Amino acid sequence: MMKPKSKRPLAVWSTAAFTAFVISLSPLGTYAAHAATVTEVKGTVSTAAPVQTPATPGRNTTVPPLSEASKQSTKPNVLVIATGGTLAGQSTDATSFQSYRAGTLKIENMVGELPNTDKIADISTLQFGNSGSSAYTMADLYDLSRTVDKALKVYDSVVVTTGTDTMEEIAYFLDLTVQSDKPVVITGSMRPWTVIGSDAQANLYNAIKLAGSGRTDSFGTVLMLNDTIHLARGVTKTNDYRTDTFETPMLGAVGYIDDENIRIYRAPLRAMRGKGQGKPVFDLSKISKGDLAKVEIAISYQEAGGGAIKGFVADGAKGIVTSGTGAGGISKEMSAARKDAIEKGVVFVTTTRTGSGSVYGGGEGIISGDNLSPQQARVLLLLSLSFTDDFNTIKGWFATYGTPEV
């Protein structure tokens, strides 16, 4: 399907309006697309009429209506949208922490097993899918995001359960695309539901409690695992087994859940600007799944060759993220391959493989990924190229949406 041709000028962000409170609130963590110290962005984005795209077979996108009891209730209405993962895992026995089948249990049954949920919210469920997180395609995430937005027209907030392997990418995709200001909380677990000492039940319960509280209204998508709340932008999985695996390098968590207390210690600038002021530019209703761009990641290492970049270009990649050494450096062979690819119109973003820290400024035809991880930079580049081919517009989005600087 062709991209919609209707265009409008991209909004320009001003420095003056927020300088005073930014100084007192730093660090605010994410979404400097709404920040004070951004460079003026020029370009165009699509604003055509909403695109109707059928859901991928096997994905349930039908949002259940509110029950009559929920309509009359004074408690918040929370919809839990389940995609599977370890949280829905069935272990071989009660002590098999690593021997289990992910994406087996149904969310309706799991929510039904949680104690005291009647004290925190009226809960409905939607089984979007039941797979490990890495099994989902970008087209699936398109469906998921639009389902979340559809749900938030009915419900007060949404919890999304996923596997943890690519949770940081799914969360950032939702953060960049969900148009509603209402709370979106993503959660999962490192141990399956059916083992002793599982973190699954506590994570799901606390995610529902957080979503229902409204404390992350206008925050975008947040993660809630291990009693810890992270913004989607910048969070990453740091260990393949430990329950405290998720961290936000450099910036840290935004809050914690201590029993009945939800403690928020910092907020993204989009929340400080107020309701309706931080809507993401990537409105998926304006494009189809067929418009989603192909973007890859090339890692640099000792004597890295240029074959990966050449292969990605030959395979039709419109954008490539380089995961460089130190502050974004790549090998001589990779650099030569990148130069050839840029001449063919491929857009490059440079990031570091170190796990934290910002990178060199982008050169000719290269965009700086600031301190975005390679995998999250890929998500932003993919969405950018899905909406425009204009290099300067994409560069502007990385200087705003892609940086936590205020």
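Note: Cβ is positioned from N, Cα and C throughout, glycine not excepted.
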Legend entry - Feature region 'Disordered' in TrEMBL, mapped to one of the ranges 49-70, 71-92: 49-70
Inset, instruction - Can you match one of Ser133, Ser145, Ser157, Ser180 to the substrate site that TrEMBL gives for Thr164, Asp165? - result: Ser133
Inset, instruction - Would you mind pulling the DSSP three-state label for Asp165 (substrate binding site)? - result: coil
Inset, instruction - On the DSSP side of things, how many residues of the domain 'Asparaginase/glutaminase C-terminal' (294-398) fall into helix, strand and coil, could you say? - result: 42 helix, 22 strand, 41 coil
Inset, instruction - Taking the recorded substrate site as Ser133, Thr164, Asp165, identify the other residues of that chain whose CB atom sits within 8 Å of the mean position of the site's CB atoms, giving them in sequence order. - result: Gly85, Thr86, Gly132, Ser134, Thr162, Gly163, Thr166, Met167, Gly188, Lys237
Legend entry - Euclidean distance between Cα atoms of Thr86 (active site, O-isoaspartyl threonine intermediate) and Thr164 (substrate binding site), Å: 8
Legend entry - Ser133 (substrate binding site) CB neighbourhood, other CB atoms within 10 A: 21
